[in-house]
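Swiss-Prot has this to say about the protein:
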SIGNAL    1-15  signal peptide
BINDING   Trp24, Gly26, Gly28, Asp50  Ca(2+) binding site
DISULFID  Cys25-Cys46  disulfide bond
DISULFID  Cys45-Cys84  disulfide bond
ACT_SITE  His49  active site
DISULFID  Cys52-Cys77  disulfide bond
DISULFID  Cys75-Cys116  disulfide bond
Amino acid sequence: MVDLARRCSGSTEGRFLMWECTKWCGPGNNAKCESDLGPLEADKCCRTHDHCDYIASGETKYGITNYAFFTKLNCKCEEAFDRCLTEAYNKEEKESAKSSTKRLQNFYFGTYSPECYVVTCNSKRSGRDAGCENGVATWKKSYKD
């Protein structure tokens, strides 16, 4: 819970970088509580994405160190986020909301293009389940790799 609070608190300087019409899409969040969402369907995707397994900048986890300036997430989370944004786009009725969602998706996966990691268990199962206590991770250029 401490990690979640640290990750979601964000700095006040980063608050102006929040994606339009959202409370969870950007550095940290500006929601009053877990159920506080902006009007875009994509905000639900961002909230879920914010709670994903991650390796913070400078942190070592699963045998790898994140030397990048930004937090990196598990590739499963990145794939789920991309899929969720596509579904959010399809649910939106207003053209402006569709456009904002598509721009968010294009920015995140096109411009920002985050690297991610895959956790593997010694038994070769994909990590983060109850039976994988000592998972080992490897970096990927994208969840699509």
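A Cβ is built for glycine as well, from the same backbone N, Cα and C atoms used for every other residue.
Not measured: the values here are computed from a predicted model.
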Residues that sit under 8 angstroms from Cys75 (disulfide bond) by C-beta distance, when 6+ apart in the chain: Cys116, Tyr117, Val118, Lys140, Ser142, Tyr143
Nonlocal residues around Cys45 (disulfide bond), in sequence order (Cβ under 8 Å, 6 or more apart): Phe81, Cys84, Leu85, Ala88
Separation of alpha carbons, Asp50 (Ca(2+) binding site) and Cys25 (disulfide bond) (Å): 8
Between Cys46 (disulfide bond) and Cys52 (disulfide bond), the C-alpha gap once rounded to whole angstrom: 10
Sparsest-packed of the listed disulfide-bonded residues (Cys46, Cys84, Cys116) - C-beta count within 10 angstroms: Cys84
Distance, His49 (active site) to Trp24 (Ca(2+) binding site) (CA atoms, angstrom): 9
Inter-residue Cα distance where the pair is His49 (active site) and Cys77 (disulfide bond), in Å: 7
Number of Cβ atoms other than its own within 10 Å, given for Gly28 (Ca(2+) binding site): 18
Between Gly28 (Ca(2+) binding site) and the residue listed as 'active site', the C-alpha gap once rounded to whole angstrom: 11
DSSP-derived structure type at Cys116 (disulfide bond), helix or strand or else coil: strand
Rounded Cα separation (Å) that holds between His49 (active site) and Gly26 (Ca(2+) binding site): 11
